[in-house]
Amino acid sequence: MSRIAVLGAGAWGTALALSLARRGGHELLLWSHSAALAEQLSEAGENLRYLPGFTLPVDIHVTSDLPRAIFEADILLCVTPSQHLRGVLTHIAPLLTRNQIILSASKGIEETSFLRMSQVVASIASNPFAVLSGPSFAQEVAAGMPTAVVVASTFPQVAQTIQRDFTSPSLRVYTNEDVPGVELGGSLKNVIALAAGVANGLNLGHNSSAALITRGIAEMTRLAVACGGRRQTLAGLSGAGDLILTCTGSLSRNRTVGIELGLGRQLPEIIASLNGKVAEGVGSTAAALGLAARYAVEMPITEQMDAILHHNKNPKEAIRELMARPGRDE
Ligand SMILES: NC(=O)C1=CN([C@@H]2O[C@H](COP(=O)(O)OP(=O)(O)OC[C@H]3O[C@@H](n4cnc5c(N)ncnc54)[C@H](O)[C@@H]3O)[C@@H](O)[C@H]2O)C=CC1
Ligand SMILES: O=C(CO)COP(=O)(O)O
């Protein structure tokens, strides 16, 4: 039995808490940074704002008291939007004990530093670290639909602990030792999902989606390998797996943002309509491009996505330029 503190009560934190509760055998705390949301969750027994339709069992203890949430926890499951991880960890750093495992389930790159979540954690704490990623829409995990994810850690026994504690009849957990590969697979697929959404919004058909997925995995892999990841990791759950899900699944927020851009709506208006829900690709696109420049990696889809998001480029022009690039080997 482990005591698990889920830090972040958005859709994914809530779904993982539900999955762990259904599995049984753990003590579970769910922390929300908002006292009002924590109160609503406790009173209604449901996360009406981020994951409506799923009843929270009473054995998930909801709190907005961060020190209380992490006290004597074996695993700190960090599921905040990636831009908030540093703030949350900085707050609890003096309270961490040496053996507490920090498990990140966020899929993003820090916008200002281009750091992956493992690097953000390492800059604050020296605790054992693992990352959980893979094709996993929160709503489907909450509903107990069969899902496979991957957990990576440089310490195999840490990944095995998470595998043991999270595996259930509806959640299959693979282990991996490639932290940068798994982290970048989870983060970069959001950028490509935005682009796939743009193509869908422009009504460009199935061929364009397949082209973006396959050429997307090519550029994701180039950057991940340059950052120390393994090529085969990007062919796995946290690369191709999550990319296929997010580029084709109607539940993806990143793809939805892309569709709206393709339909001609402006980014601020689209973000406002998400009502506080996070589409990580919006922040990670510029960071991915920053990393690409640092490692001299070519990322044409990411480049065009950045121009659409942050330089007001017309989506049709972006697609035209992608198609007009000089011919090359596959
Ligand atoms: N929703 C999904 O299906 C999945 C999401 N993820 C990843 O999980 C991470 C969290 O996403 P969701 O749970 O979907 O979020 P969400 O979009 O459902 O909710 C936003 C979250 O941000 C939190 N928040 C807002 N301001 C904050 C602050 N100042 N400090 C700390 N937290 C703050 C809110 O309390 C809420 O928990 C993201 O990195 C996402 O990419 C990963 C797999 C699946
Ligand atoms: O990461 C996800 C599924 O694996 C969720 O994707 P979105 O953030 O685009 O909804």
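Residue numbers in this text run from 1 along the chain shown.
Cβ coordinates are placed from backbone N, Cα and C, and glycine is handled just like the others.
Taken verbatim from TrEMBL:
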type	residues	note
ACT_SITE	Lys189	active site, proton acceptor
BINDING	Gly8, Ala9, Gly10, Ala11, Trp12, Gly13, Ala138, Arg253, Lys277	NAD(+) binding site
BINDING	Trp12, His33, Tyr50, Lys107, Ala138, Arg253, Val278, Glu280	NADPH binding site
BINDING	Lys107, Arg253, Asn254	substrate binding site
BINDING	Lys107, Gly134, Ser136, Lys189, Asp242, Ser252, Arg253, Asn254	sn-glycerol 3-phosphate binding site
DOMAIN	4-157	domain 'Glycerol-3-phosphate dehydrogenase NAD-dependent N-terminal'
DOMAIN	178-319	domain 'Glycerol-3-phosphate dehydrogenase NAD-dependent C-terminal'
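Structural mapping of features recorded in TrEMBL.
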residue : record                               : DSSP (3 states)
Gly10   : NAD(+) binding site                  : coil
His33   : NADPH binding site                   : coil
Tyr50   : NADPH binding site                   : coil
Gly134  : sn-glycerol 3-phosphate binding site : coil
Lys189  : active site, proton acceptor         : helix
Asp242  : sn-glycerol 3-phosphate binding site : helix
Val278  : NADPH binding site                   : coil
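Cβ neighbours within 10 Å of Arg253 (NADPH binding site), excluding its own Cβ and spanning all shown chains: 21.
The recorded positions His33, Lys107, Lys189, Lys277 differ in how many other CB atoms lie within 10 Å of their CB, and the one with the most is Lys189. Taking every pair among Trp12, His33, Tyr50, Lys107, Ala138, Arg253, Val278, Glu280, the residues recorded as binding NADPH, the greatest CA to CA distance is 21 Å. Look at Ser252 (sn-glycerol 3-phosphate binding site): DSSP puts it in coil. Long-range Cβ proximity for Asn254 (substrate binding site), meaning a same-chain Cβ under 8 A and a gap of 6 or more residues, is found for Asn190, Val191, Ala193, Leu194, Gly197, Thr246, Ala279, Glu280, Gly281, Val282. Shown are the binding-site residues Asp242, Glu280; of these, the residue with the fewest other Cβ atoms within 10 Å is Glu280.
The average pLDDT the prediction assigns to the domain 'Glycerol-3-phosphate dehydrogenase NAD-dependent N-terminal' (4-157) is 98. Using a 10 Å Cα-Cα cut-off around Lys189 (active site, proton acceptor), the binding-site residues Tyr50, Lys107, Ser136, Ala138, Asp242, Lys277 reduce to Lys107, Asp242.
DSSP assigns Lys107 (NADPH binding site) to coil in the three-state reduction, outside any helix or strand. Annotation: Trp12 are the binding-site residues among Gly8, Trp12, Lys277 whose CA atoms are within 10 angstroms of the CA of Ser136 (sn-glycerol 3-phosphate binding site).
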